[in-house]
Amino acid sequence: MTHAMSFDRDLVKKYDRSGPRYTSYPTAPQFTSAFSVADYQAAAAASNLNLEAPLSLYIHIPFCKSLCYYCACNKIITHKTERAAEYLTYLKQEIDLQAPLFAKERLVTQLHLGGGTPTYFTQAQLQELMDYLAAAFNFDRSEQHQFSLEVDPRTVTPEQIFALRELGFNRLSFGVQDFDLAVQQAVNRVQSVEQVANLMQAARQAEFRSISVDLIYGLPLQTEASFKQTLEQIIALKPDRIAAYSYAHLPQLVKAQKLIRPEDMPPPERKLQLLELTINTLCAAGYVYIGMDHFALPDDELAQARANGTLQRNFQGYSTHADCDLVGLGVSSISKVNNTYSQNVKELSQYYQQLTARQLPLQRGYLLNTDDLLRRDVISQLMCHNLIDIKAIETKYKINFSEYFADALEQLQEMVDDELVTLSQNAITLLPKGNLMMRNVAMAFDNYLNQKRGTGFSRTV
């Protein structure tokens with residue numbers, strides 16, 4: 001299996017359009033309020049038929065002390081630290097409602113704290129949360145578990161990094177975005193290379209198994225020269241994984257982004273230059289291109305999974321454990337249980353109100369039908385393995401692929417002509433030029449894109 005890639009600027013321009021990231025299929029716009037708590041409970045009960053099936057927990061902590069102007073996450077900006085204590089109280093109430101739905105025999109092999117800023121919680125509050133989760137669920141106590149945490153380098157000390165390791169976390173993700181001071185000031189997120197270097201050194205000393213760094217290209221005031229320096233500084237720190245996200249500037253949808261001066265935004269041509277620079281620089285430094293916006297060192301298990309065909313994808317992106325049932329806890333969090341997706345309410349007041357009434361705080365969800373399951377499988381194969389195994393799909397779902405997906409294959413013909421993909425009787429395979437356009441290829445198999453809906457998707461490249 002090859003995952004070589006080639007950057008063709010003209011083709012990248014041609015195919016740069018709005019489209020889903022396919023962390024799920026169907027995507028979130030298809031979630032509906034018709035999905036009920038009873039639907040979720042039925043899905044949880046069905047998932048327990050396989051006691052060997054592991055669980056994954058996602059806990060959303062929405063608080064931040066300052067506003068990053070680019071951020072589209074569900075967050076609450078506050079200096080009132082007592083709000084964290086109140087939130088933890090309600091989070092524990094949700095755990096009390098969720099945990100009994102899942103058989104105690106099922107191991108929690110994956111856990112992720114996201115936000116917001118998870119380290120807005122004090123060390124004592126994080127300890128209280130982890131103890132409560134460990135009592136309610138069956139934690140995998142081996143070092144094979146993946147317990148991860150998003151870290152804002154401005155909010156933690158090296159001592160706290162050691163304390164996080166003692167709590168059971170063995171993976172860290174540092175939100176860096178850019179090291180250039182002018183860019184940092186333009187998005188209201190100033191942090192030094194030294195801060196991040198000291199924290200990464202502490203993480204290594206504390207024996208964290210994986211250290212990841214998030215970058216964003218396309219931010220205001222970014223230039224090729226400035227971002228090249230950021231990339232070189234990151235490479236020198238040698239994180240195990242690097243995610244380089246394309247900034248989606250949608251001020252009409254994301255209120256905070258209105259604080260970014262329009263004249264500071266890089267033109268589309270420069271954004272393409274930044275993307276090409278990122279790919280070339282990271283690959284030249286020995287990082288393996290995983291897919292979408294993810295890179296990893298060759299000995300990282302994500303790169304190994306990519307090479308041996310076991311890579312998976314979920315709401316947190318690429319993973320080696322995406323086959324878990326995912327239980328989302330906290331305001332706005334998303335769950336994937338059996339053949340359903342569901343999302344909690346997004347407003348804190350509603351979240352508290354429903355938990356006070358001893359109700360699961362679900363707002364919307366989706367029950368996948370047979371066609372959804374088939375298309376999800378096809379899109380997942382493409383995103384994770386760079387190919388769609390036609391014969392395997394035909395055997396599993398008892399279909400004639402060329403008849404079932406006649407419309408999709410017709411849409412793909414232009415991409416065949418542009419040498420993005422090849423079509424054969426046995427497989428649809430991404431070519432090196434098509435690696436960056438995998439979302440565009442996936443869109444051909446999306447049964448919902450032709451239906452009228454909002455345009456809140458990011459650009460595909």
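Each Cβ is built from the backbone N, Cα and C atoms, and glycine gets one as well.
Positions annotated as S-adenosyl-L-methionine 1 binding site by TrEMBL: Tyr58, Gly115, Glu150, Ile334. A simple way to gauge crowding: the CB of Glu150 (S-adenosyl-L-methionine 1 binding site) has 21 other CB atoms within 10 angstroms, across all the protein chains here.
Sequence-distant neighbours of Cys71 ([4Fe-4S] cluster binding site): residues of the same chain at least 6 apart with a C-beta under 8 Å from its C-beta are Val254, Ala256. What TrEMBL lists as [4Fe-4S] cluster binding site is Cys64, Cys68, Cys71.
Here TrEMBL flags Tyr70, Cys71, Ala72, Gly116, Thr117, Gln177, Arg189, Asp214, Ala248 as S-adenosyl-L-methionine 2 binding site. In the three-state DSSP reading, Cys71 ([4Fe-4S] cluster binding site) counts as coil.
What TrEMBL lists as domain 'Radical SAM core' is 49-284.
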Task: Please compare the binding-site residues Tyr58, Tyr70 by how many other CB atoms fall within 10 Å of each one's CB, and tell me which has the fewest.
output: Tyr58
Message: List the residues in the vicinity of the [4Fe-4S] cluster site, defined as same-chain residues other than Cys64, Cys68, Cys71 with C-beta within 8 angstroms of the site's C-beta centre.
response: Ser66, Leu67, Tyr69, Tyr70, Cys73, Lys75, Ile77, Thr117, Arg189, Ala256
Task: Consider the binding-site residues Cys68, Thr117, Ala248 and say which one has the Cα lying nearest the Cα of Ile334 (S-adenosyl-L-methionine 1 binding site).
output: Thr117
- line: As a whole number of Å, the Cα atom of Glu150 (S-adenosyl-L-methionine 1 binding site) is distant from the Cα atom of Arg189 (S-adenosyl-L-methionine 2 binding site) by 16
Query: What is the nearest of the binding-site residues Tyr58, Cys64, Cys68 to Thr117 (S-adenosyl-L-methionine 2 binding site), using the Cα of each?
result: Cys64
- prompt: Cys68, Ala72: which of these binding-site residues has the highest Cβ count within 10 Å of its own Cβ?
  reply: Cys68
Message: An 8 Å radius from the center of the Tyr58, Gly115, Glu150, Ile334 Cβ atoms defines the neighbourhood of the S-adenosyl-L-methionine 1 site; name the other residues of that chain inside it, in order.
response: Ile59, His60, Ile61, His112, Leu113, Gly114, Gly116, Gln316, Gly328, Gly330, Ser333
